[in-house]
Amino acid sequence: MAKQGSKEKKGYPELKEVIKATCKIRVGPGKETLTEGNCLWALKTIDFIFEDLKTEPWTITKMYTVWDRLKGLTPEETSKREFASLQATLACIMCSQMGMKPETVQAAKGIISMKEGLHENKEAKGEKVEQLYPNLEKHREVYPIVNLQAGGRSWKAVESVVFQQLQTVAMQHGLVSEDFERQLAYYATTWTSKDILEVLAMMPGNRAQKELIQGKLNEEAERWVRQNPPGPNVLTVDQIMGVGQTNQQASQANMDQARQICLQWVITALRSVRHMSHRPGNPMLVKQKNTESYEDFIARLLEAIDAEPVTDPIKTYLKVTLSYTNASTDCQKQMDRTLGTRVQQATVEEKMQACRDVGSEGFKMQLLAQALRPQGKAGQKGVNQKCYNCGKPGHLARQCRQGIICHHCGKRGHMQKDCRQKKQQGKQQEGATCGAVRAPYVVTEAPPKIEIKVGTRWKKLLVDTGADKTIVTSHDMSGIPKGRIILQGIGGIIEGEKWEQVHLQYKDKIIRGTIVVLATSPVEVLGRDNMRELGIGLIMANLEEKKIPSTRVRLKEGCKGPHIAQWPLTQEKLEGLKEIVDRLEKEGKVGRAPPHWTCNTPIFCIKKKSGKWRMLIDFRELNKQTEDLAEAQLGLPHPGGLQRKKHVTILDIGDAYFTIPLYEPYRQYTCFTMLSPNNLGPCVRYYWKVLPQGWKLSPAVYQFTMQKILRGWIEEHPMIQFGIYMDDIYIGSDLGLEEHRGIVNELASYIAQYGFMLPEDKRQEGYPAKWLGFELHPEKWKFQKHTLPEITEGPITLNKLQKLVGDLVWRQSLIGKSIPNILKLMEGDRALQSERYIESIHVREWEACRQKLKEMEGNYYDEEKDIYGQLDWGNKAIEYIVFQEKGKPLWVNVVHSIKNLSQAQQIIKAAQKLTQEVIIRTGKIPWILLPGREEDWILELQMGNINWMPSFWSCYKGSVRWKKRNVIAEVVPGPTYYTDGGKKNGRGSLGYITSTGEKFRIHEEGTNQQLELRAIEEACKQGPEKMNIVTDSRYAYEFMLRNWDEEVIRNPIQARIMELVHNKEKIGVHWVPGHKGIPQNEEIDRYISEIFLAKEGRGILQKRAEDAGYDLICPQEISIPAGQVKRIAIDLKINLKKDQWAMIGTKSSFANKGVFVQGGIIDSGYQGTIQVVIYNSNNKEVVIPQGRKFAQLILMPLIHEELEPWGETRKTERGEQGFGSTGMYWIENIPLAEEEHNKWHQDAVSLHLEFGIPRTAAEDIVQQCDVCQENKMPSTLRGSNKRGIDHWQVDYTHYEDKIILVWVETNSGLIYAERVKGETGQEFRVQTMKWYAMFAPKSLQSDNGPAFVAESTQLLMKYLGIEHTTGIPWNPQSQALVERTHQTLKNTLEKLIPMFNAFESALAGTLITLNIKRKGGLGTSPMDIFIFNKEQQRIQQQSKSKQEKIRFCYYRTRKRGHPGEWQGPTQVLWGGDGAIVVKDRGTDRYLVIANKDVKFIPPPKEIQKE
């Protein structure tokens, strides 16, 4: 007893964590779990029953022993209830001991039963658990079916470790996850079918998922039975599922196929349920929202469950289960209170009864009253129960004598599941109101039907505003027969009987109307002919949002909606608008806006040709403030991408926009105002409930909505070709005529359920069919308008010309001809009423297009055949044709020429567009046919002229673009142009001289061949229709006479020459050898070889011969403050002759006003930008307007004299060796120093050392430099840090909008900088590799920026062997040197940027200035110091290696651990970290000696012989 007392006191501490885990297992389907007391009671009871096991520790072995003994007990030895509780609690403790986590007690019992109870090895029952399960703790085999050595097979139970691993995966990732599927497929390869299904059933998981898995397995079994009729060698479903088999029988080889099929079924079921769980409509994801009523939640849930492709029993189970588990907490509590323990088995109707008031104010007050009410006595059942059917306490709704109420129709006597109207979900009775608009309308059935008495019979007729006639299938012969009548509608052309004066009655309204009797009609229709007489109107705005989903739209961030006042309207327009708005309000399309909706959009109206008013809304401001939606449809469908079909039908959706609801929170921004005439009353404000016309998102919302509605229907009909663009629907098929019309009829009925109507008069059945501006025929397609209007010579406005060209461009897919002259005519004045003049060339172009449109016909796409695209040159454009058979184009098109692209590049651009069109319209990659020869295109690709080629291409001999018949090698009447071009005096020049005395020359860069061709091009530009060209270039001469029909153009100059020559009447081309004494040829050669006065830019004007200078133009408006100087850069670069220099002077008109030019000398050969320095001597500000002549450039002859010494007779007081006290002629170096400084802006020390001028003269040069004075740097040096050879600092700096990465070597001051794309780690690591390759650094200092401290950066530094340290950002002590370098770099860069075209070039020039041109105190640059340090390192390393190469030592050897005598000295042959190798002279052997037995000595000195 003492032991027992201690046991009770301790409370089984070794099982503390096990008991804690056991307390999380639920007792049943509710939330009640096991307690610690339950576990202690079970353990104590077991100790009491089995005293021989009491002293043993609670291991898994003991638990299995106790479990075996409990199974041997009979219930009579203890009470049945306590025995069952004891066994169940022990099973839970055993599962927790093994690390398993069953959800319920029942699941725990199943797991233990599977692990022990399924074993059929009865001989091992009495053995210990370790012997029975040798692999319980660590498993070596996972297969229950094992091959015996003696032959045959045996069965072995699934091991607990395997089961535990599967259970863990199921709990962590889910029962239908891919991870669980892979694990199960791995372990279950040789399991029996029974093992597979039992393990799957015992896995933790959602009960609904398990039911779905079971349903999928049943479907697989049914499919097996259908596909495999019973036979002698056919497996049955029972054999596959392991029903009625022992484990030994199921493990035999003849059942391998059955096991594999069973495993395949299970994997398929898991995948199916997993895919279902990922779908948006998955019912298990449908959960009740906090603000949602339980009825709305159930409606969404039932809709999702009904859409699931599962059997009815599974749907029933899902409805019963998910209606409770997915409900909100309040509803679950209410159902628990009302339905008690049977809440899981209660029907959906009972749960709806229980929760119908949840969330209402009364419900909240009821909960509050219950919370404040004192608790009643125990045992008073039913006192607080209340019937939600009659409201009386004491009984539940299902016990109410008044009868249960249906929550669908509201009538008593039946439940919702038995309601007859349930199948007509969404239908309402006549006179009901639509939930979204609350507007009365005739019928809300889908499709809408009403009861009408026709003759003597009552019939249900479909209300169809698109039908002209009323059609019935039978008639009682009342009325007046009018013979046969032919109708054309959705069923094609049909014939019926017409009856007039027929008695028609709707409610109390009776009329005499006309009907058509058509026995074959699938539906009886009430047409427009009788609807108006009966007073029936069908509203097209079906705003029931449960049917048509609304698309969410909203304003842009920060916008408040439009607030534009309504402008005044005339009385006539107000009356027209009132009539329209009243009709819209009656139909529920607009509603009265509340006072707090303050937004407003102006409205107005125009009168149509018919005399009716049309309402227009100015949505421009609202469109600006509204967020855009994605484009639902990126373009029009094209008939060339349609497949040929036997039957086609074109449908048109009536009132498409007005059928779709507008997103309700957005409606407040669509308000508009109806004014009151003369302000006799308050204005009436309305808002839109449907998609309004003119709103920018109406097309996108409409298209997205139709996509949602039609997606399922299209998937169910894969045999048809379906197309939709806005409200136009195309249906094509190869089915029979009746079947095709049946599908069309089905679609009409389907979309009619959503309120969309298809007007009968807009339906087109069969060919020819008009669709989206195209006319479809059985074998071809055309445009609806086959002809273009004619144009005649004479004036035409730009507006009319644009409309004509727009009509042509729309039809280019059948015309395929370019109109360059007409397009050029559209250039110039953009005013719409500006006039152009049509000439004969324009008329000819237009007529060619009109003729092509008449002749061309498009064909349909055949998916069995390949598609080809053939490109060819047109008139200043590229034309291509897409076809599958020669002569039968699908479509054609034109790509107009693009400037600055060669012909080859333009063809490739057109090929890219062609390929894109074909892929979009057919989904295939076309085979491209290019004009010319394959080797030419391959050469273009290799030369880099083009960078893309089609995937599949070949060549054909294209049509001739340029003709050579007007180029001959004979003299033609007309002037002669002597052309020449080439590199003259280091510069490219070209020009020509004519026989009439005209001259032309320009400077231009290029090769000699290019310049020769350019000279011919300029001559062709200026020459008349007939002319002669003389050249000394054999290359240019042969090119002009080449056979251009087969030539693929290789450069743009040749292409331009061909185009110019093509427009000439006749050209004679002649060649003369150069430098052979031909006067005209030598003259043109001399002419372009001269260095002539040339200018670039628009900042200078030509002068008259008598003028002194050339006027310079002010580039922009300049303001000069009083007494200030301003430097103005003008748009001018000038190239002076050798014997010229120039001076910039003041204009007299400016000098009179006190504005002067401060000098300016331009040396001969200067080619930089011209700058003018202006000084304002006035005491007030002066403004120089743009374009004003404000200075003049004066050319001066250059006079140069050689300086000679004064001679011996001349004396000077300043020195004995000539001019200057230094005795050197340094004065000659000052201009050179100034010129060098203007290039690089180096410091005075550098100039002093490089040019040998005095320090003061060098400082004067720097001080007189305006650029250096403006960008003068501060001289304060802030902070410092580690400096040394090969130690660098790095940091980013910004110059304007550019990012520069700057490195500086701390010892020499050498700078390395690169412009980078961003401050990213990847960019920094790329630049690090470049930096390392050039400088081989050893250490680096940076701040803590993310690019520098990234893990990848640290790994790179470690890989390169660079010691990387980081400092503190913004701390001058940490990054002093690189921060100083930033300032130096940017100041120098600012000086050099005007001298370079590219920023990268200016940056490179800055590095030259700072690294090479900048000299230190000892006359060395940073580059000199860096190179010197590297050379010293090399010398030291070489010396060190030589010293370490030969070493000598004394050594001793050991015998049995005892050291011997020292021997030596001798040379070390090899040295390692712990030992050396020497050669023993006595034995002539190589010995390995440990370093502890070695004494190194200096090498012996050589004794010099006397």
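Counting begins at 1 with the first residue displayed.
Each residue, glycine too, has its Cβ placed from N, Cα and C.
According to Swiss-Prot:
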type	residues	note
DNA_BIND	1447-1499	DNA-binding region
ACT_SITE	D464	active site, protease
BINDING	D652, D727, D728	Mg(2+) 1 binding site
BINDING	D980, E1012, D1032, D1085	Mg(2+) 2 binding site
BINDING	D1291, D1343, E1379	Mg(2+) 3 binding site
DOMAIN	459-530	domain 'Peptidase A2'
DOMAIN	1270-1430	domain 'Integrase catalytic'
ZN_FING	385-402	zinc finger
ZN_FING	404-421	zinc finger
ZN_FING	1228-1269	zinc finger
Per DSSP (helix/strand/coil reduction), E1012 (Mg(2+) 2 binding site) sits in helix
Taking only the CA atoms, the spacing between D728 (Mg(2+) 1 binding site) and E1012 (Mg(2+) 2 binding site), expressed in whole angstrom, is 61
If you measure between the CA atoms of D1085 (Mg(2+) 2 binding site) and D1291 (Mg(2+) 3 binding site) and round to the nearest Å, you get 56
Same-chain neighbours of the Mg(2+) 1 site, Cβ within 8 Å of the mean position of the Cβ atoms of D652, D727, D728 and not counting those residues, run in sequence order as I650, L651, I653, A656, Y725, M726, I729, K762
Nearest by Cα to D1291 (Mg(2+) 3 binding site), of the binding-site residues D652, D727, D980, D1032, is D980
Spacing of the two Cα atoms, E1012 (Mg(2+) 2 binding site) and D1343 (Mg(2+) 3 binding site), in whole angstrom, works out to 58
For E1379 (Mg(2+) 3 binding site) and D727 (Mg(2+) 1 binding site), the CA-to-CA distance in whole Å is 67
Summed over the DNA-binding region (1447-1499), the DSSP helix, strand and coil counts are 3 helix, 31 strand, 19 coil
For D727 (Mg(2+) 1 binding site), the closest of the binding-site residues by C-alpha position, picking from D980, D1032, D1343, is D1343
Taking only the CA atoms, the spacing between D1343 (Mg(2+) 3 binding site) and D652 (Mg(2+) 1 binding site), expressed in whole angstrom, is 69
Across all protein chains shown, the one of the binding-site residues D980, E1012, D1032 with the most other Cβ atoms within 10 Å of its Cβ is D980
Checked against DSSP, the composition of the domain 'Peptidase A2' (459-530) is 3 helix, 43 strand, 26 coil
The answer, for which of the binding-site residues D652, D1343 has its Cβ ringed by the most other Cβ atoms inside 10 Å, is D1343
Integer Å value for the Cα distance linking D980 (Mg(2+) 2 binding site) with D652 (Mg(2+) 1 binding site) is 70
Cα of D652 (Mg(2+) 1 binding site) to Cα of D1032 (Mg(2+) 2 binding site), in Å and rounded, measures 72
Averaged over the domain 'Integrase catalytic' (1270-1430), the pLDDT of the predicted model comes to 82
By a three-class reduction of DSSP, D1343 (Mg(2+) 3 binding site) is assigned coil
